[in-house]
Number of protein chains: 2
Amino acid sequence: MNQDYIIPDPWSIIEEGFDKERVKSSESLFSLGNGAMGQRANFEESYSGDTFQGSYIAGVYYPDKTRVGWWKNGYPEYFAKVLNAPNWIGIDLKIDGVFLDLNTCKKVANFKRQLNMKEGWYRRSFVATMPNDLEVAFEVTRFLSLDLDETGAIQLNLQVLNSDTEVILTPYLDGGIKNMDSNWDDKFWEITEVESEGNRAFIQSNTNKTNFAVCTFMHNEVYLDGSPTEASPIAIKNETSVAHSYSQHVKKDTTLTIIKYGGYTVDRNHPKNQLQHAANSVLDQASQLGFEELLRKQKEAWAQIWEMSDITIEGDVKAQQGIRFNIFQLNQTYLGKDSRLNIGPKGFTGEKYGGSTYWDTEAYCLPFYMATKNQEVGWNLLKYRYNHLQKAIENAEKLGFSDGAALYPMVTMNGEECHNEWEITFEEIHRNGAIAYAIYNYTRYTGDYSYIPQMGLEVLVGIARFWRQRVNFSQEKQQYVMLGVTGPNEYENNVNNNWYTNYLAKWCIDYTLEQLKKVEEEYPKDYARIVDKTKISPTETKDWVRVSGNLYFPYSEKYEVFLQQDGFLDKEMIKVEDLDKSERPINQKWSWDRILRSPYIKQADVLQGFYFFEDHFSQEELKRHFDFYEPFTVHESSLSPCVHSVQAAKLGRMEQAYTFYLRTSRLDLDDYNKEVEEGLHITSMAGTWMSIVEGFGGMRMMDGQLSFTPRIPTGWDSYSFKINFRNQIITANVTRDITSFQISGDADLYIMVHGKRLKLIPGETVMA
Amino acid sequence: MNQDYIIPDPWSIIEEGFDKERVKSSESLFSLGNGAMGQRANFEESYSGDTFQGSYIAGVYYPDKTRVGWWKNGYPEYFAKVLNAPNWIGIDLKIDGVFLDLNTCKKVANFKRQLNMKEGWYRRSFVATMPNDLEVAFEVTRFLSLDLDETGAIQLNLQVLNSDTEVILTPYLDGGIKNMDSNWDDKFWEITEVESEGNRAFIQSNTNKTNFAVCTFMHNEVYLDGSPTEASPIAIKNETSVAHSYSQHVKKDTTLTIIKYGGYTVDRNHPKNQLQHAANSVLDQASQLGFEELLRKQKEAWAQIWEMSDITIEGDVKAQQGIRFNIFQLNQTYLGKDSRLNIGPKGFTGEKYGGSTYWDTEAYCLPFYMATKNQEVGWNLLKYRYNHLQKAIENAEKLGFSDGAALYPMVTMNGEECHNEWEITFEEIHRNGAIAYAIYNYTRYTGDYSYIPQMGLEVLVGIARFWRQRVNFSQEKQQYVMLGVTGPNEYENNVNNNWYTNYLAKWCIDYTLEQLKKVEEEYPKDYARIVDKTKISPTETKDWVRVSGNLYFPYSEKYEVFLQQDGFLDKEMIKVEDLDKSERPINQKWSWDRILRSPYIKQADVLQGFYFFEDHFSQEELKRHFDFYEPFTVHESSLSPCVHSVQAAKLGRMEQAYTFYLRTSRLDLDDYNKEVEEGLHITSMAGTWMSIVEGFGGMRMMDGQLSFTPRIPTGWDSYSFKINFRNQIITANVTRDITSFQISGDADLYIMVHGKRLKLIPGETVMA
């Protein structure tokens, strides 16, 4: 563990004491988001110390020119990148002629940050002694509204404790920002207009190339001891920023307050020429409601989210804090309202990893969103990929595939590929399977088949075609093989017959064949449309059957396990526990070629297949494969521990399951990977949820029925989790002795618990 | 073929007619070099059209910061790059107030370039009608002196044909140059002083980071109809350049001549503070000799080179031009005088490929230099690698090897790695074997064993240690395997058990063991020193014996061939001839992953092993492997055709051998790869020589004896080649009917011809 300054608390993330070394880390951990926009926990007042400034708007990106060492055919020339957006939170404070800046204060006492996850706000307070010996009590509360998701609100209170003084408050908007993560130092934004109107100001800007239009805005109100002042601001404008300066004489112990509303209106939601109008309208609403009322609504909105998604843990406050932090951040990042958006690996907390969508969404995040939100959210995530189908077909064409074969990109913002590392971009093709799997997963969990005839079948056909074209017949083996791939274990590149990828490919083809049949029989009109559009024919599907029936899977007779890939057993099979500690993590200590020829596994690979298709294998087979592969797994991906936690729990190894759980749930809070200052690992947070609900709780879908196998880690008194299952909220309470269930809604529901059938009745607590 | 504008001629490269589109191509083809410096055939006078300016100084490089898309552990942070040097050839011509510029002339008639390879000079002439309607006859002759290799000379003659006029001649030096091939637009040079003295001028400069000091200089003389003028120049200096301006009234039909001597003195050869002094001294020598005398010496020096290395071809002028162009360029690039220099893949003709030394030197160039130069040249090439041994050991350490294991870099200038593509840098390790092979090759050809006890054995021990550490024991195969390599066929990456690499590794270990034994017995003092330095022990060598004796080689029982790598037969085995033409070249038409999983071979891989170790295999085995692999070979490396040409000749397939020969010998003249404007393919030119001498001539070393199996391609009347064998020059003349040999020197020599013993007697022509 790298850091442990976050104070354990069930509902809040708390930091006490000011430490300049922690500023960037805390800027990540205390980030705010509301699905539509987000920002790192940068200070409102100026700060001359080390900081990573970041504000982000969902869906607003920039196609940065690719940077490569050695160009390979097929690389994208440009790819979309998360864009640092104009800053609207800034409020400079000049007190008796000196700027308040924590980096230059003589003393900073009682420094505290609190991120209240229950209510969705963030507060920072301190008492500072300034270079001019003025003692200042400072408290600022900030939130990004869930109700009015184009705006956020800041309430900043200031007292000068040892003198009457002159304070100049200068809230501002700043469009002169740039990305840390820019390949060629391109200018990403063009500012088209800077305006000031009374206590409001606006910056109109366009992104270069993509031409997204954004209006950044603010509205400020100044109070003295709670009463509005009549102060009117002096506006200071330049080409890229606008500031409002309020001078105020403040008596000792009097509280000077500024309330600032700010945010963005974007042309995804409004006509381009109406952005300022829309901004005025949202500012009208916010200011009419006022800070307190807007905050009250915020608390309500978060209460509703928690109502459907909370997990409680008794007896382990760090575990409790960890899981809530993960659920909170996932909700800050994506609320599922808009199918044009998706879940970026860093959410609104940093710029790394460029584009927004990875296979993480389908493989890790979808189960969380399906179980904690309304069905529409899962639908929107699937629709996102349907909308990108044509781009996926074009992407496959660039790589030499044809006739409607679709390869979804490794990383994307708008359907185009945003990654350029041949061993990943061109070869880590299992991502295509995860997208098909998500369709299956959505269908079985929600019971809603409609996505498949409406959209999903086209996606499946494109994916099945890709797999068919991607394999070739080996005369040597007299079977179809898949050469030159990278599996989920990215510590192997360009291997032949990665078992997971082959298995997924076969499954995709078989599943597509099944769905074609079902849609033909049950949705003839949709079927006709799809046949017309895709030109799928019996000749083609017959060919698929032939390939699927004769696909090669590497297997070791000796160990009775499927092999991760051809030749896996030629490696020097030294277990991770026998490696010297100084060699770990290998991704920092070893050269790339050494990693590649080692047996070490970055994240579940064969076991990822056992996770997806658990019901295809016996418990005995799972055990054999887990025992074979886990000892070679270094878990150097944030997505690794969760799958292993679920499987260890299934194998009844609760201690191991718990160890994996801890590693995933507090990855960022405790900064295991020493990189939290770059932003949070948002998508892997869904894995933490999975560890509890599917791991400890043992939740599964089996034959259309929900089943549970609840277990409890040693050291926990109890835990509970909620899931939304087909519009009914099921709450499971697990203690050391017994599991009880409640269901909300208006219908009874049969579930399986430890293999026995149990009837849940609304309003009753049912013991299992 | 892409272009065919070069006029066939046995001794010259000739272009006629001015075509702006061909300027950059001709700048490459007409490049000049003298081993110590070189330059593209840029115009002396200003040219506003499309051009690629390039002047280069041997051994003067810049460590450019690495550019990567995705960083991998082990990549070098900086690597050395060929450096564009200050320009000394420039002579601006202002005629009646207008600059002579071929891009703006109304008409350009009689444009001709000639590169006289026999005598080592380059001439360009034309009659141009300028925008001001003046008609100008222009002729410039340039060469880089082999005798005074710090200087070159230019004689420029000008006549204005239709008017008396005012001409301003402005020869200049320009240090304000930059590299096309710069990663981050770094400034590579710092100019420290710009000086003018009479008719001479100097620019003192340092390279940034490496701090090479270079003095660029010029000395100018102006003549009217052959008589010196008294004109003294006006000097124009700025921070990075200096020009001398001569105004001259020139009568119609009078010839105005400027002779310019220029070049570089560098701190590799002189003390840093003596560079200008050295420059003055070389200018004194040059100007005292005068242009004509210096040119006469140039012709003599080239005559000596040709005396030892010429190849004549009767009946095929394009083949004749091609082979002489290749021999000429190799000699322009490297003359073997200085063991700190090496043979860059683009020589002095371009910047691409960064560093100067590839395995090309050992695998392709060494045989040429051994056979056409004195023994010292081969020795210097080997010494170059000995000097880099410590760096090779450090390079291996960076990748996790230890205890003196040495991995020579893929590309280097000073011993450090200059390449950052993991699949090449870390995995294309067969290069290490080529370095050991070169030691063997030098020893058997020259009969000089002394390099091994003096230097080579240490190199061999480092290399053998690397191979030992690079293999691992496979429990599955119960043999040692080598995982994760890239063979010479770079269209495969990260493969297991590349046969060529495994074979070379075993051979290196065995050869090192043999040499250890021999040195122990015959050079005990050297042995003691080496044991002391390397700490080599019987335990270690016993371990080597064990590994070498149990190394795995992939083999197909069915085809009775060694397999290029594990799993090669799983590929879709469609022969190259069955590919649609539109798919070729695959490196331009296919995505990288598609290339990787295809069976197509970029350049000899298994067959490279059969080339190196021909005597290990029967003719039948060669035939089987050639027939198996060549049909899958796309020859998309300039180094590919030559090896196949040699082997096809050996198999008696002269038509095929000739086709391969043509492809290699006129690669640049006919611009097969459509990239000649970036520079020439210098190292592959040695392959052309190899195709004739080893291919058609069938020259080999067998049991310490020189042998020949001469054959002649259909269409040639005769050919002859010369080789320097242990200080005797052997000339072979091959006609359709008979081969005759002459030998110079003072001793008889027995050689084998078509398997029969033949005695060569100095002064006699011996028929075979």
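Each residue, glycine too, has its Cβ placed from N, Cα and C.
Curation plays no part in TrEMBL annotations; they are all automatic predictions.
With a 10 A radius on its CB, B:Glu490 (active site, proton donor) counts 21 other CB atoms from all the protein chains. Taken from TrEMBL, the feature active site, proton donor covers B:Glu490.
Here B:Asp360 (substrate binding site) comes close to B:Ile343, B:Pro345, B:Leu639, B:Thr683, B:Ser684, B:Ala686: these same-chain residues lie at least six apart in sequence, with C-beta atoms under 8 angstroms from its C-beta. Residues or ranges marked as substrate binding site in TrEMBL: B:Trp359, B:Asp360, B:Lys602, B:Gln603.
For the domain 'Glycoside hydrolase family 65 N-terminal' (B:14-267), the model gives a mean pLDDT of 94. Taken from TrEMBL, the feature domain 'Glycoside hydrolase family 65 N-terminal' covers B:14-267.
Residues or ranges marked as domain 'Glycoside hydrolase family 65 central catalytic' in TrEMBL: B:324-690.
According to TrEMBL, the domain 'Glycoside hydrolase family 65 C-terminal' annotation covers B:699-760.
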Can you list, in sequence order, the residues of the same chain other than B:Trp359, B:Asp360, B:Lys602, B:Gln603 whose CB lies within 8 Å of the CB centroid of the substrate site?
B:Tyr358, B:Ala363, B:Tyr364, B:Pro488, B:Glu490, B:Ser637, B:Leu639, B:Ser640
In Å, how large is the greatest distance between any two Cα atoms among B:Trp359, B:Asp360, B:Lys602, B:Gln603, the listed binders of substrate?
16
Could you break down the residues of the domain 'Glycoside hydrolase family 65 C-terminal' (B:699-760) into DSSP helix, strand and coil, giving a count for each?
0 helix, 38 strand, 24 coil
In angstrom units, rounded to an integer, how far apart are the Cα atoms of B:Lys602 (substrate binding site) and B:Glu490 (active site, proton donor)?
6
In angstrom units, rounded to an integer, how far apart are the Cα atoms of B:Gln603 (substrate binding site) and B:Glu490 (active site, proton donor)?
8
Give me the CA-CA distance between B:Trp359 (substrate binding site) and B:Glu490 (active site, proton donor), in Å, as a whole number.
14
Which secondary structure state does DSSP assign to B:Lys602 (substrate binding site), in the simple three-class scheme?
coil
By a simple count, how many Cβ atoms lie within 10 Å of the Cβ of B:Lys602 (substrate binding site), its own Cβ left out?
22
